[in-house]
Amino acid sequence: MARLLLLLVGVLIACAAGARAGSEFLAEDNPIRQVVDGMHELESSILKAVGNSRRAFSFARFAHRYGKSYESSEEIQKRFQVYSENLRMIRSHNKKGLSYSMGVNEFSDLTWDEFKKHRLGAAQNCSATRRGNHKLTSAILPDSKDWRESGIVSPVKSQGSCGSCWTFSSTGALEAAYAQAFGKGISLSEQQLVDCAGAFNNFGCNGGLPSQAFEYIKYNGGLMTEEAYPYTGHDGECKYSSENAAVQVLDSVNITLGAEDELKHAVALVRPVSVAFEVVDGFRSYNGGVYTSTTCGSDPMDVNHAVLAVGYGVEGGVPYWLIKNSWGADWGDQGYFKMEMGKNMCGVATCASYPVVA
């Protein structure tokens with residue numbers, strides 16, 4: 001009898017706790033309920049605008065995952081159409097069994113022109129690399145290299161809707177050089193470069209080059225930290241303070257235009273190297289494998305995106321560069337991609353350089 005009473009008391013307590021939890025969930029200020037309500041509202045508005053097809057449900061899940069918000073039914077319909085076209089391209093590509101795969105990501109509701117406008121910089125003539133100053137040696141290079149294993153590669157960042165890739169490539173190289181030299185990590189200011197490096201033929205959110213960013217830092221006297229000069233993703237007035245400079249550039253080293261042997265030597269034996277290449281439609285949907293293209297160019301005026309080469313290797317018999325991007329850790333292979341090596345693919349060795357820090 002006593003056991004029965006205890007069991008009944010336990011059930012009543014559990015029911016009371018469940019009721020209390022239920023009432024707490026239903027409270028309007030409960031953040032979980034707010035998220036669920038927001039998800040249902042977004043899904044409802046999308047399905048109302050484009051119907052209840054399987055593709056529509058896929059689009060609704062995509063919009064929720066990437067925090068999309070659309071102002072009107074017309075905007076939903078437009079984005080759904082773009083998403084559907086990109087999805088068809090992705091599926092068609094993946095059926096071909098090529099060396100890399102594509103997948104849906106946060107850019108899948110953008111047209112190619114929209115993507116280019118907000119994520120890529122204008123083509124820059126990197127004439128400084130026509131005659132490089134990296135010195136080759138007879139040292140034997142390792143078969144593969146990944147500087148992440150040494151702990152000097154900083155976390156992947158996101159440039160947002162600003163063509164400031166060149167600043168992230170630059171800070172990535174500087175952060176690696178700093179960690180290598182001083183044994184500790186640092187996060188440096190991309191925004192300072194966006195706002196302040198214009199006199200060195202850089203154009204803020206409209207593009208620039210790491211080699212020119214290194215020259216700016218060298219002659220300007222230093223670069224501040226991300227904390228001291230935070231990123232906004234917009235062109236702004238220069239707020240540099242020499243008192244808060246965290247790193248100085250003594251010099252920069254350029255890889256001879258197109259010389260992948262020099263680039264491999266530098267990546268193997270020195271540290272990560274800033275590189276640039278031409279992004280063509282399709283690359284934005286990269287999801288894994290070794291990227292290759294027959295439509296991208298490799299001339300100095302072709303390149304439109306700067307990144308950071310952090311290693312190299314071979315996958316499925318195809319040699320590749322291991323490269324850190326600036327489109328967030330959700331893009332590609334945790335923010336990284338592999339690019340075919342040996343053909344100066346898309347100009348990967350056309351505008352390459354690395355800094356020497358103090």
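Just so it is clear, glycine is given a Cβ too, placed from its N, Cα and C backbone atoms.
The feature active site is assigned by Swiss-Prot to Cys165 (among others), with sequence analysis given as support. Cys165 (active site): 25 other CB atoms within 10 A of its CB, across all protein chains.
Long-range neighbours of His305 (active site) (same chain, six or more residues apart, CB within less than 8 Å of its CB): Arg119, Leu120, Gly121, Cys165, Ala276, Phe277, Glu278, Val279. Residues or ranges marked as active site by Swiss-Prot: His305 (among others).
Summarising the annotation, Swiss-Prot assigns active site to Asn325 (among others) and lists sequence analysis as the type of evidence. Around the Cβ of Asn325 (active site), a 10 Å sphere holds 26 further Cβ atoms from the protein chains shown.
Long-range Cβ neighbours of Cys205 (disulfide bond) (same chain, at least 6 residues apart, Cβ-Cβ under 8 Å): Cys162, Gly163, Ser164, Val194, Gly233, His234, Asp235. What Swiss-Prot lists as disulfide bond is Cys162-Cys205 (among others), and the listing cites similarity to another entry.
Its Cβ placed at the centre, Cys196 (disulfide bond) has 23 other Cβ atoms within 10 Å. Among the features that Swiss-Prot reports, disulfide bond is placed at Cys196-Cys238 (among others), with the record citing similarity to another entry.
Marked as disulfide bond by Swiss-Prot: Cys296-Cys346 (among others). Annotation for Cys346 (disulfide bond): spatial neighbours Phe277, Glu278, Val279, Val280, Ser293, Cys296, Gly297, Ser298, Asp302, Val303, Met339, criterion Cβ-Cβ under 8 Å with sequence separation of six or more.
The feature N-linked glycosylation site is assigned by Swiss-Prot to Asn125 (among others). Every protein chain shown contributes to the tally, and the Cβ of Asn125 (N-linked glycosylation site) ends up with 13 other Cβ atoms within 10 Å.
All chains included, 21 other C-beta atoms sit within 10 angstroms of the C-beta of Asn254 (N-linked glycosylation site). What Swiss-Prot lists as N-linked glycosylation site is Asn254 (among others), and the listing cites sequence analysis.
Taken from Swiss-Prot, the feature signal peptide covers 1-21.
Taking all protein chains in view, 14 other C-beta atoms sit within 10 angstroms of the C-beta of Cys238 (disulfide bond). Ranked by Cα separation from Asn125 (N-linked glycosylation site), the recorded positions Cys238, Asn254, Asn325 are led by Asn254. For Asn254 (N-linked glycosylation site), the nearest neighbour among the listed recorded positions (Cys196, Cys238, Asn325), judged by C-alpha distance, is Asn325. It is 25 Å from the Cα atom of Cys238 (disulfide bond) to that of Asn325 (active site).
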